[in-house]
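Summarising the annotation, Swiss-Prot assigns active site, proton donor to His88 and lists sequence analysis as the type of evidence. Here Swiss-Prot flags Phe21, Ala56, Tyr57, Glu58, Ala80, Val81, Ile82, Phe113 as 5-amino-6-(D-ribitylamino)uracil binding site. What Swiss-Prot lists as (2S)-2-hydroxy-3-oxobutyl phosphate binding site is Gly85, Thr86, Arg127.
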Amino acid sequence: MKLLKGVDCTSCCIAIVIARFNSFINENLLSGAINALQRKGQVKAENITVIRCPGAYELPLAAQQIAKQGNYDAIIAIGAVIRGGTPHFDFVAGECNKGLAQVALEYQTPVAFGVLTVDSIEQAIERAGTKMGNKGEEAALSAL
């Protein structure tokens with residue numbers, strides 16, 4: 001049996017689509033993702049492309065446009081959907097999840113899910129680099 005002990009993605013091209021909405025959370029997730037790509041995957045900075053879109057609902061369309069080009073080995077989607085007092089959370093989180101999965105299947109390109117779906121700002125902060133780790137970093141590791 002051959003055991004792989006590391007990831008060498010020096011020639012990999014990775015796209016990161018990130019939502020602008022809730023940027024105070026998303027920027028920490030982005031930092032975690034880039035750190036993991038460069039330190040653990042040896043991905044060169046010039047091989048990482050960051051594309052910003054308005055919010056999490058728009059992430060699937062941005063990912064689809066990138067996947068359609070066929071220039072990237074993987075796509076990482078980053079965002080934060082925080083529950084409020086209306087059903088808006090359920091619609092945005094559900095459609096974002098389904099849309100990103102559809103892109104991965106349709107274009108046979110890995111799409112790592114780094115979108116937080118949380119009940120509070122506190123939970124988002126915990127998952128963006130504090131006591132619950134950094135889900136952006138975890139998404140990048142999944143992409144690798």
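Just so it is clear, glycine is given a Cβ too, placed from its N, Cα and C backbone atoms.
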Pairwise Cα distance for Ala56 (5-amino-6-(D-ribitylamino)uracil binding site)/Gly85 ((2S)-2-hydroxy-3-oxobutyl phosphate binding site) [Å, integer]: 18
Most crowded position, judged by CB atoms within 10 A, among His88, Arg127 as recorded positions: Arg127
Those recorded positions of Gly85, Thr86, His88, Arg127 having Cα within 10 angstroms of Phe21 (5-amino-6-(D-ribitylamino)uracil binding site): none
Binding-site residues (Tyr57, Val81, Ile82, Phe113), the one with most neighbouring Cβ atoms at 10 Å: Val81
Span of the 5-amino-6-(D-ribitylamino)uracil site, taken as the largest CA to CA distance across Phe21, Ala56, Tyr57, Glu58, Ala80, Val81, Ile82, Phe113 (Å, rounded to a whole number): 17
Proximal residue to Tyr57 (5-amino-6-(D-ribitylamino)uracil binding site) among recorded positions Gly85, Thr86, His88, Arg127 (C-alpha distance): His88
For the binding-site residues Ala80, Gly85, the one whose C-beta sees the most other C-beta atoms within 10 angstroms: Ala80
By Cα-Cα distance, the member of recorded positions Thr86, His88, Arg127 nearest Ala80 (5-amino-6-(D-ribitylamino)uracil binding site): Arg127
